[in-house]
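Got a structure here, written out as structure tokens. Questions coming.
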Amino acid sequence: MAGHHVVRNVKRPAPEVVQGLRDAGVATVHEAAGRTGLVAPAVRPRQDGAVIAGPAITVSSHPGDNLMIHAAVEMCQEGDVLVVTTTSPSTDGMFGDLLAASLLARGVVGLVTDAGVRDIAALRAMGFPVWARAVSAQGTVKASPGSVNVPVVCGGRLVRPGDVVVADDDGVMCVPARSAEDVLERSRARIAAEEDKRAALSSGVLGLDMYGLREVLTRLGVTYVDDLPEEGS
Ligand SMILES: O=C([O-])CC(=O)C(=O)O
Ligand SMILES: [Mg+2]
């Protein structure tokens, strides 16, 4: 489908599924998704301690131009996460406290962007969390067409509108809408298993024994010696 579009309809996943993935956190969800779906770590948290999850509203924008972010705000609903990408690499500060005020008014829980943000002190003070490739004061214009709610690539990951974006201090995950329930189930199983492991490790059990890693080391030819052998011996 050629051209630029603002797509109105987004199929959003069930709120319980979104909430469950948020509670599980990025690292667990990433493991549960078979170690797929992680947005590149260069798209990193710009505050401490924020944890969000929500359906993605996506923006494909011309670099250095935030016109389509303004168009996207109107498409956002309570609980959504705005995901902004540019059609070629850009670190321009295309998002700041004014746009955040607008998103907060619609109940949006955070921004993930492959480009830059600015007004970072104000964003932190107002409690609007952002995960961004850059912080840059570089200003942008409102002059070029783009699209809202089309599939985009953010930090090397495909993000479709309505996919579940989970973001915390560890980074950003995108869970495809069709596998969100399955990934939640696997996340819960991992959390339960990790409770037992945490208790064992805290009691002094070694990972070497708990995971059967002594055999792995042996198989890989790793040997234990009391002292490093002299060179040449
Ligand atoms: O207005 C802009 O171009 C971006 C910005 O700084 C804001 O949203 O506050
Ligand atoms: Mg500003």
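Each Cβ is built from the backbone N, Cα and C atoms, and glycine gets one as well.
Those TrEMBL annotations? Automatic predictions, nothing curated.
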ARG106, ARG118: which one does TrEMBL list with GLY96, ASP97, LEU98, LEU99 for the substrate site?
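Within the candidate list, TrEMBL flags ARG118.
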Quick check for the class: what is the C-alpha distance, in angstrom and rounded, between LEU99 (substrate binding site) and ASP119 (Mg(2+) binding site)?
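Distance between the two Cα atoms comes out at 10 Å.
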Does DSSP give ASP119 (Mg(2+) binding site) helix, strand or coil?
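Its secondary structure by DSSP: coil.
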Give the maximum pairwise CA distance in Å, whole number, for the residues GLY96, ASP97, LEU98, LEU99, ARG118 listed as binding substrate.
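Greatest Cα separation within the listed binding residues comes to 11 Å.
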Give the sequence-ordered set of same-chain residues, not counting GLY96, ASP97, LEU98, LEU99, ARG118, with Cβ within 8 Å of the centre of the Cβ atoms defining the substrate site.
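Neighbours found: PHE95, ALA100, ALA101, VAL117, ASP119, ALA122, LEU123.
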If you count Cβ atoms within 10 Å of the Cβ of ASP97 (substrate binding site), leaving out that atom itself, what do you get?
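Neighbour count, Cβ to Cβ under the 10 Å cut-off: 19.
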Just jot down the residues in the same chain as ARG118 (substrate binding site), at least 6 apart in sequence, with C-beta under 8 A of its C-beta; none if empty.
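ARG118 (substrate binding site) has long-range Cβ partners GLY93, PHE95, GLY96, VAL135, SER136, ALA137, GLN138.
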